[in-house]
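Accompanying notes for the structure given below.
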């Protein structure tokens, strides 16, 4: 999930300025950074207070960069993911559309990454970071605006939801185009906010790390970048936990008078918007320190003169230089086409995009999955998802980075390692199906009304004369342990839920048979106790999934002369379809949609848990199989074919493989 906050510090990414650094060219210091034109004091023009010079060093810049990375990860990978379920219900959106909201950040990143990298590396990087802070703050503000312009949250009341004889229910509601589309139209505001966040996140991850790499000695680069990436991992964790707690606050802060409602009530919506306002207020002040840094920190010219690029040339790079490609922005298509023609590189990219697809899909909808599969509240589901997902992703990347470094893996070992981790992740993914929950009894959805009526039809003979409305979802649990859409659909004529014509006798003795009420407010308690088992499988599946991230990145940066921003752009292509694909799968598992009196469809109220589990795990399984196939192709092509060409054809004819293979072929 690069660019969205989950990065790995193990490898040392090359600077975007690496194009001016070539093996054996360290003597050409004039191609580096002229001290008199770039390095300078910390300040604004002639105004450079001495107090600011304490921060005019890599440590000062790293502190500001870390703060911005924390808030970026907090918003993009934390608050937005935990708000998805609430936004769906509040603004009558389905999961496919909220998946599009999540993917909008990645779309913006992909469209701008090359532009920002090209112009940013030639410009004033700290000021680009100031622009990043401005856009991240603006995006956070825009994302929260629908709450303030959509009015108060309205929901059904007990009086309206009881069974009433014809003629007593108010029928003054009239349909209009504005009434049918006013809430769902806020979709475009959310997308705009995400696009702004994507604009702000692009300089952060394409230029921020490059500036750090340019400003510190080679042996310190990995440490500084690692600290920055660690802060970007901290952001989503804070976002999940903080956002989860904010969902315990009522969406409009004050609960309407004479209303009894708590977070366990399915009508409850939490204050999802508060976190975005907090981040807006916290991010914009960072514009000031970033704008005062000079174009290059003091000592950068000396550091650059001592650095020698460690990237290795290959046939593609020779072709690029031979054709004088890369001197201007118009050469990007040709340079990219040359890279896309390399089957080894494309296999690695496909493997990376496949992993990114699964990672972003689950990161977006894991809280929703826990909420619906195991009957938990939005707040608890969001907090639990963050406590599992973020540590598992971090652990997987750190462990794999240590293994690659300590074991001194060559190309062959790295590819075998990737095949192994993906195979284990596939096995654990299959085990999810043993931790899924069945469907809870729901009258008119998963079962009939005591043998009357039909499935997928809330109306039955026992409530046909009640004049019930599907626009007011207020579930009750009958003494027969069956859930009903509302007291009205349960046939309850009084507020005490007594004399409910649709509720049958309990199948087993519960001790409630002699009580005067026949139903209680809220959903029936879930009978599924498999949440700990699911979380265990999911935790280790995420660990092994992210264990493949570092080796893949190391392999690409070790074998090809490709900038980190270009690699991130290609891998980011997998993060765009992930949330959308998972959202479509979740929508296909819906069995009861929110349909108002105008027959306009909104969010989903009830899901088929088994179908949801099979669809999501089926998608993940196929993606992991694609990753394993691509890595297996790499193993065959990279070593079997390479060895054949080495022994029988000679090295002179090998143009598709990079010279940096080192020919450590040990078959």
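Every residue gets a Cβ built from N, Cα and C, even glycine.
Residues 533-560 are the range that TrEMBL records as transmembrane segment, among 533-560, 589-616. Per TrEMBL, the stretch carrying the note transmembrane segment among 39-61, 62-84, 154-176 is 62-84.
Here the transmembrane segment (62-84) has Cβ contacts under 8 Å with residues 1, 4-6, 55, 95, 98, 101-102, 105, 129, 132-133, 136, 139-140, 143, 194, 197, 200-201, 204, 208, 212, 224, 227-229, 231-240, 242-244, 247, 272, 275-276, 279, 282-283, 286, 289-290, 363-368, 378, 382, 385-386 of the same chain, all six or more residues outside its ends.
Under DSSP, residues within the domain 'Kazal-like' (456-504) fall into helix, strand and coil as 0 helix, 5 strand, 44 coil.
Below 8 angstroms of C-beta separation, residues 42-44, 52, 55-56, 60-61, 64, 67-68, 71, 74-75, 78-79, 82-83, 86-87, 126-127, 129-130, 132-134, 136-138, 140-141, 143-144, 147-148, 239, 242-243, 246-247, 249-253 of the same chain, each at least six residues beyond the ends of the transmembrane segment (271-293), sit close to that stretch. Same-chain residues lying 6 or more positions outside the transmembrane segment (186-211) and placing a CB less than 8 Å from one of its CB atoms are 2-4, 7, 13, 15-17, 61, 65, 68-69, 72, 75-76, 80, 87, 91, 93, 97, 100-102, 104-109, 112-113, 116-117, 120-121, 125-126, 128-129, 131-146, 149-150, 225, 228, 564-565, 568.
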